[in-house]
Every structure is written in C-alpha cells, then in structure tokens.
Amino acid sequence: MVLFSGAWSLGYASLQDWAQPPAGAAADLLPLERLLARATGQTAGLDELSLILPSAARPTLDICTGREGCPWRLDARDGRPLDTLSALDLPRRLHKTAFMGFPGRVLVSLFGLLLLVMVLSGLLLQRRRLASLVRLRGAGRARVLHGLLGGWSLPWLVLFGVTGALSGLGALGTLLLAPVVYPQQPQRVFAELMAPLPPPARGEPAAQRVDLDELLRRDAARVPGFLPREVRLHHAGDAGASVEIAGFTLGVPSTPLFERHLYRADGTWLTDATARSRGAWVRAFIAVQPLHFARYDWLGGWSGLLAGLHLAMGLAACALVASGLWLWLQRRQGERRARWLARLALGLDGGLLLATAGLLLAVQLQVRGWLPDAVPGRVFLGLWGASLALPWCVPLRSCCRAGAALTALACMLAAASHLLAQAGQGGAVAWPVDLSLLLAGLACTGLAWRTGHSPGAASPFSIPVGDRHA
C-alpha cells in the first residue's frame with residue numbers, strides 16, 4: 001500500500017496531464033504576466049501566491065495558496081482554465097500522511113525502516129542463490145521472479161527505505177529537538193532552517209511590481225546554473241512585498257524549498273538561499289528530499305531518465321512485496337493466521353488497485369462531463385471500502401477472481417477512453433500512463449483467468465507456484 005501510493009505520487013504530474021481533455025494545436029507558452037492576468041478574478045485579494053512554472057514538457061501553470069493547495073490550473077499555451085482533478089490527490093495523500101496529518105507522516109516513515117529490514121533479511125536468506133539473479137531460466141516461477149526483483153532493484157529499495165524513513169523521522173526529530181535548542185522560542189529552529197525569510201509587510205500600498213517575465217530573465221543571466229521551477233509572491237500589493245524564485249541549482253542535491261533567490265517587488269535583489277551555505281548535517285537532510293521524491297533536476301539532462309527509472313523501481317518494489325507475500329501464504333495456506341492475512345491483503349492491497357483503476361476511469365468520464373466532479377473521489381473510497389469488506393463475506397478465490405477481472409476492465413477502459421479522445425490530435429499525451437494501464441489490465445486478466453481455472457483451489461494462494469520451498 002505504501003509502495004504503490006508512493007509510485008502514484010511519483011507519477012502524479014503525468015496522471016494530471018493524462019486526465020485533462022484533449023488540447024488544441026501545439027503553441028508557444030504565453031508569458032507569465034499574461035497568464036496571471038487571466039487568473040485575476042480568482043487571485044484578487046490574495047497576498048501570498050505560489051506559481052508552479054510551466055515548461056515545454058508540461059505546459060500548465062499551477063496557482064497555489066498556502067492552505068488550499070493548488071486550486072487553480074491554466075493551460076500555459078492559451079490560458080484556458082483546467083480542472084484540478086482533486087480526486088487524483090487521494091492516493092498521494094495516503095502516501096504522505098495516511099489521511100492522519102503529521103502523525104500519519106511519521107507512521108508512513110516507519111514503513112521505510114520496515115522495508116529496509118525486509119530487503120536486508122531477504123538478501124541474507126538468498127545469499128546462497130545470488131547466481132540465480134542473472135539467470136532467467138524458470139523466471140515464470142514466483143520465487144525466481146521474487147529473487148530477480150529483489151536482486152536487481154536492491155540499490156533502489158535501500159534508497160526508498162532510508163530516504164523514506166529520514167524524510168518523516170527527520171521532521172519529527174526537528175520538532176522534538178526544537179524546544180531543547182531554543183527553550184524560549186522553539187519556532188526559531190524552523191525559521192533558521194527556512195532562512196532567509198521574506199521581509200515583513202509595511203502596511204502601505206505598493207507603488208509598482210516588477211514584471212515577472214523580466215525578473216526571470218534577469219535572474220537567469222545573474223545565476224546561469226539555476227533552473228527556476230516556482231515563483232512565490234509575498235505580501236502582494238504591499239510596499240514591503242517581495243518575490244522569490246525557487247528551483248534547482250545544477251550539481252546541488254536540493255529542492256525548490258531550499259534553493260531560492262529573493263527580490264523586492266521592484267526587482268531589487270536581496271539575497272540567495274542555497275544548500276551550499278548550510279552545515280554538513282543540514283545539507284545531508286536536504287539531500288534526502290530530492291532522492292526520495294525523484295527530483296533529479298539538479299543533475300541536468302539525466303533527470304528524466306533517472307526519474308523514470310525511479311518510478312519503474314517503485315513499481316518493481318510493489319511486485320517484490322506482492323510476490324513475497326504470495327510465497328509466504330503459499331507455504332502457510334492451511335494456517336488460520338494465513339487465512340486472516342490473505343483476506344486483509346486482498347482487501348487492503350488488491351482493493352487499492354481496484355479503487356485506483358476505478359478512480360482513473362471515473363476521472364476520464366468526469367472530464368468529458370459525463371460524471372459530476374465529486375463522483376471520482378467517491379468511487380475511489382467506495383471501491384476500496386467494499387473491497388475491504390468483501391473478502392470476509394465471500395470465498396477468497398471468488399473475491400480474487402472478481403477483483404482482478406474488475407481491475408483489468410477498469411484499466412483497459414480508462415486507457416481506451418483516453419486513447420480515443422487523443423485520436424487525431426497529432427500526438428499521444430502521457431502515453432506511458434496508457435501503456436502502464438494496458439499492461440496492468442493484461443496482468444490482472446491473466447490473474448483472473450488463472451484463479452478461475454485452478455480446479456479444487458479454495459484460495460487464490462493455493463495455485464501452485466513451482467516452488468515447494470517457498
């Protein structure tokens with residue numbers, strides 16, 4: 001569940017692009033000021049704004065506020081408003097906080113430690129079979145597949161476990177140590193971590209504001225190795241207003257949260273913030289963030305390839321855990337605890353797959369106006385809730401077959417709906433999502449067929465896997 005929702009988070013931007021209705025003919029990106037003018041009605045009266053900058057690969061402008069997330073999106077080619085598709089955020093929130101706020105973030109981080117323990121223990125158990133990691137013979141067996149996935153994805157699995165644990169537990173440690181370092185002002189720790197802070201408001205109306213497009217050009221000339229990704233407006237309309245340009249510095253493992261250039265509203269440069277100026281421990285903590293969230297922009301041309309590999313290894317980790325659970329249940333299928341765990345796994349993990357497939361299909365129907373905006377989120381929660389209850393009410397074999405068949409159907413219909421909508425548009429948008437859905441649909445179809453054609457098997461885990469030593 002944690003690994004799959006993490007993979008969903010990595011592909012979140014691509015999923016948003018995939019879910020949008022077909023765009024018109026390709027065109028150049030509009031200037032940032034013109035796009036902001038299109039959103040004046042929504043942003044009027046807001047003094048704090050964050051603008052996620054568009055790019056040629058992703059021509060959308062996201063307009064975010066501090067507490068409401070990013071409630072507005074514009075097509076950067078023509079300025080038309082786009083649906084934010086908030087239902088797609090549900091699996092991502094599951095990975096970030098498990099819907100429980102900061103305590104949920106710490107809980108999810110503990111699963112990073114658990115993943116690290118599982119990987120290392122699996123490596124110790126398989127140390128005498130390391131030669132099988134380079135042999136494809138018998139790869140159709142669950143044990144060999146499990147060994148192949150565990151061996152070849154080992155560096156990434158360790159990366160997921162370590163950085164996932166440090167991301168949440170590091171924040172918890174900072175929160176707990178703040179009163180020790182500054183007993184009178186614990187919040188000072190966070191102020192220093194995020195320093196320099198923007199200047200305070202003066203309470204007077206601003207005389208002018210610099211043109212943001214011009215400011216971006218000047219900043220690019222001043223710092224050639226900086227890649228802007230976000231523009232933040234502080235105290236907009238006030239005489240003390242300021243503008244932050246956040247992004248990535250080539251060669252510095254960091255994120256836009258820590259790589260920032262601060263200007264006054266009139267364009268006067270104030271200061272720069274970068275991970276290079278921090279101490280060794282703080283730099284190490286900062287470096288964890290881009291490694292965990294696949295933000296490889298600081299590596300330049302390698303970023304796209306590494307991000308894709310990162311996502312592929314995340315999906316491989318899901319298959320690794322699923323095959324390991326399958327093998328464990330195969331060996332212990334007669335035990336009562338195994339039956340309980342099988343029902344829980346089928347409802348929690350299999351149900352999550354069905355719920356996300358149904359969510360994607362519902363989103364495709366929503367953007368065409370066939371479903372109200374609130375329906376996709378309800379489809380996700382309803383399918384997952386029903387999947388949690390069903391294994392306790394019907395035989396496991398029937399439940400597995402029905403769930404796999406429905407998941408396959410939803411995946412293929414979602415991919416087909418998107419491909420049909422894109423037909424004749426001169427290019428496939430977010431085609432990796434369609435390919436992933438079709439492959440997932442084929443895999444679930446095979447699972448449903450195999451489960452339904454195993455005579456005498458009361459449980460889906462009674463299917464022979466070709467390994468009596470599982």
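Every residue, even glycine, has its Cβ placed from backbone N, Cα and C.
TrEMBL entries are annotated by machine, without manual review.
Per TrEMBL, the feature transmembrane segment maps to 106-125, 145-178, 305-329, 341-363, 375-395, 402-423, 429-449.
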Stretch-level contact, the transmembrane segment (429-449) and the transmembrane segment (375-395), CB cutoff 8 A, at least 3 pairs: no
Among 106-125, 145-178, 341-363, stretch most in contact with the transmembrane segment (375-395) (C-beta, under 8 angstroms): 341-363
Range from 106-125, 341-363, 402-423 with most C-beta pairs under 8 A to the transmembrane segment (145-178): 106-125
